[in-house]
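Copied over from TrEMBL:
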- B:3-133: domain 'Photolyase/cryptochrome alpha/beta' (DOMAIN)
- B:246-250, B:287-294, B:385-387: FAD binding site (BINDING)
- B:W318: site 'Electron transfer via tryptophanyl radical' (SITE)
- B:W372: site 'Electron transfer via tryptophanyl radical' (SITE)
- B:W395: site 'Electron transfer via tryptophanyl radical' (SITE)
Amino acid sequence: MMKRARQKVVIENESPQTLQKSKNQKTCLHGSAFGESDLHASMDWGSLPHHVILRIFQFLPLVDRARASSVCRRWNDVFHIPDLWRRFEFELSQPATSYLKSTHPDLIQQIIKRHADHLQYVSFKVDSSTESAEAACDILSQLVNCSIKTLGLISTAKPSFMNVSKAHFASALTVVFVNSKSLSSVKIDDTPLDDPSLKVLVANNSDTLKLLKMSSCPHVSPAGILCVADQCHGLKELALNYYILSDELLLALSSEKHVDLEHLRIDVVSENPGQVEFHTIKKQSWDAFVKHSPKVNIVMYFFLYEEEFDAFFREETPVTHLYFGRAVSKAMLGRIGMNCPRLIELVVCANGLQPLDDELIRIAERCKNLTAMGLGECEVTCRGFIEFVKMCGGRLTQLSIMEEVLIPDNDYSLDRLHLEVSKHLGRMWFPDMMPTW
Amino acid sequence: MLHRTIHLFRKGLRLHDNPALLAALESSEAIYPVYILDRKFMTSVMHIGALRWHFLLQSLEDLQKNLSQLGSCLLVIQGEYESVLRDHVQKWNITQVTLDAEMEPFYKEMEANIRRLGEELGFEVLSLVGHSLYDTKRILDLNGGTPPLTYKRFLHILSLLGDPEVPVRNITAEDFQRCRAPELCLAECYRVPLPVDLKIPPESLSPWKGGESKGLQRLEQHLTDQGWVASFTKPRTIPNSLLPSTTGLSPYFSMGCLSVRTFFYRLSNIYAQAKHHSLPPVSLQGQLLWREFFYTVASATPNFTKMAGNPICLQISWDEDAERLHKWKTAQTGFPWIDAIMTQLHQEGWIHHLARHAVACFLTRGDLWISWEEGMKVFEELLLDADYSINAGNWMWLSASAFFHQYTRIFCPVHFGRRTDPEGQYVRKYLPVLKNFPSKYIYEPWMASEEEQKQAGCIIGRDYPFPMVNHKEASDHNLQLMKQVREEQYGTAQLTRDDTDDPMEMKPGCKAAPGLSDGCERLAAGSWRC
């Protein structure tokens, strides 16, 4: 470790420029006397009080902090104060194939050796290689004496955790789940999470768990998530895939002991077109759910093929945010108008070549809470679109439509359209335009 | 005192609406219409491929023909422009040089050098704007001295500015009678070179032929053709728009064979009369406005055609991969949609703007993560309408380096093509090796079984390459990189961005339901894939 000679700094009348970062600095350094050289001769950067250095370090990114820690022993001590190690994001990638930064292995070792106990908010960002995911699991397995509150496993590209053996993954998670006992937020989308691991999570953290995001975890069953709902009464945010959503789950989340849920996100995904029959959720279950948590945001992401929407929105459904990532059928959009009175936001990536005028107008009529809409590869006549905007008026705070979507008709050209829409929205508005050249 | 004038054609290769030429005629007793073919200069500032040389030569031929019909002629003098001017200013006793004012830095420098020469040799220099709809300075002034950096803001400024400059009157034979034309022997001496003189292939296979006459013909056809409104505004649903356009005008604008002001006013007249029309920006007038937008920004942005030192451009560590770039450039990506487009580009020098979006996205932020500057150079070489500012501006747009911020919208090289042209006619035409594949596989032939490939007479991996990337993986990965870049360079990204109306673009720090803003990014994974 490099040790630089202590520097004697003579402090003039002006406040030191380099210590702008913390106002506390001035009072600590100057005390009550200015410009008295004998008082200041004994003060140097190395003898700043710990809490002052700590405060400064908290502003610095890790790389700079690490450099600073090599300056002198005192600064090095501060570098290792537990407060600076509460939050850490391990970035794991294989340099040969990724541009994403990677946490230095020495640093990882140091953290495991000296700071595992201090970690409270931990995340792992991995690239698409299995090695990175395995490295993440190895680290997790060593966090034995920790009391982690927040855990996040983030796959930046491919879901590389899915390539880790189930056993390895489960045992790594178990270490954290069992030892932390105070997990409040767990984000483990796109992992081989399974029911037994969920049981362990619940057994040890049911009092503290508030957020659980587990979209695209194909080994979890409806029973597995039900266990969470039954035991974790403080759960406020949940993200999962549609196939494990059940009437029982909604009812469990609505039990008296359960707090209000704030955010429920449901991903509806199909990999094999036409091969999955989606089950339906009973209206009573939704009703009970919303009755219990009247302010809940229900966010649904659909990645289905056109012919797969039949099961959805045949009855009133309290969804608030809808995203259609692939195509969506005209009939489905019609049903949304009929049955989604709580709808706040709607984004349609792609529809087809039939104009959606009627469907949009019905949505404007019946979805009185709609404030945001985005339309991608669809077709809407100018007249229909203006009608829609007129009916929504100023409550549409966000409106995005690709210019190519709009079909000019007898009543409106694109030029007139943008003026009309601007008028109804009460602000200058243009569709999204791409350059033509 | 009447001048003896050299009128220097640079762009502006036309007689209609040519303010500088008209000014020359009205102030001179003798006029020498000159085009200096300074090959060294031209190739040092832009890449020029064979097709564009042909287009240029054809345009010069046409200019020569039109001038001789009015009793004059065009003199094409080869050599370095400064020495050419020195020689001929003395030989012909020149007192004035007129030229179009152009805004590219290399043309500005040329003009400055010519002015210096004028001071030295004693001739005046007159330059007038003729290549853009408006005098760019007026736009800058109205926007407080800086260029409007979003198209929407630009349109707003234009609405305050009113109509563009009106085209100047036509030049007549009388103008040339008053103003003596060059001696006949000169015309012989300085005729338009042939392709072989410039060592380029003798024939251009492109259906686009250069020149003012051809340009005006197309203009007429464009304006009298009843179907143009529908076909231009819905290109997506009509695959024919991908085929070489018989009414397209962009190369004629970029060389100045056609005046944008003339076109603008012809269109305005039609709009005033017709009931059914579509107005900017998808329409034809819109094409002109986009052009104007990029000119305006380029005129006041340093290093506009580069990433480094360009204040409005995101600084991205693009990959340097010569091999992958080569595959893209030479239509060997293994994605028929992309390869067909690049093939058309090579063969004809023009591709539809949606096609440009597709290949540009593929090269940069979509799949290969290669710098937009590389793509820009390739377009510069191959496109007939390659234009310094427009090319750079569009590449920055399409790579989401500036102006365009919905980076989560990535064009899928399979689906985009399929939606535009479900039966794959376009692919079959430009990649005949694939023409026997059924429509089901024409955009992803690697999905066909070995038997089906044999039937189609094309084995993937042997007769046509495998796809060079896994699109989903590559684009997922690139999306994350782009996300990082934009977080780190938030300030730069905001420069060229309107207040967003898009619910998918949540500004950091804005109030969102818990988990909703990251949901918007999540939407990108699998969504907005055109």
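Our numbering is plain: 1 for the first residue shown, then up by one each step along the chain.
From the backbone N, Cα and C atoms, a Cβ is placed for every residue, glycine too.
Remember, TrEMBL labels are computer predictions, not curated facts.
Worth saying up front: this structure is predicted, and the values here are computed from it rather than measured.
This view paints the features noted in TrEMBL onto the structure.
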| residue | record | DSSP (3 states) |
| --- | --- | --- |
| B:G248 | FAD binding site | coil |
| B:L288 | FAD binding site | helix |
| B:F294 | FAD binding site | helix |
| B:W318 | site 'Electron transfer via tryptophanyl radical' | coil |
| B:W372 | site 'Electron transfer via tryptophanyl radical' | helix |
| B:A386 | FAD binding site | coil |
| B:W395 | site 'Electron transfer via tryptophanyl radical' | helix |
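Looking only at Cα atoms, B:E292 (FAD binding site) sits nearest to B:W395 among the recorded sites B:W318, B:W372, B:W395. For the domain 'Photolyase/cryptochrome alpha/beta' (B:3-133), the number of residues in each DSSP class (helix H, G, I; strand E, B; coil) is 64 helix, 33 strand, 34 coil. In sequence order, the recorded positions near chain A, meaning those of B:S250, B:L288, B:W290, B:W318, B:W372, B:W395 whose CB lies under 8 Å from a CB of that chain, are B:S250, B:W290. The Cβ of B:W318 (site 'Electron transfer via tryptophanyl radical') has B:T364, B:W369, B:I370, B:S371, B:W372 as same-chain neighbours under 8 Å, each 6 or more residues away in sequence. Other Cβ atoms within 10 Å of the Cβ of B:S250 (FAD binding site) number 22 in total over all chains. Long-range C-beta contacts of B:F294 (FAD binding site), restricted to its own chain and to partners at least six residues apart, with a cutoff below 8 Å, comprise B:S389, B:I390, B:A392, B:G393, B:N394. Taking the Cα atom of each, B:A386 (FAD binding site) and B:W395 (site 'Electron transfer via tryptophanyl radical') are about 12 angstrom apart. Shown are the recorded positions B:W290, B:W395; the one with the most C-beta atoms within 10 angstroms of its own C-beta is B:W395. Mean model confidence of the domain 'Photolyase/cryptochrome alpha/beta' (B:3-133) amounts to 95 (pLDDT, 0 to 100 scale). There are 24 other Cβ atoms within 10 Å of the Cβ belonging to B:A386 (FAD binding site).
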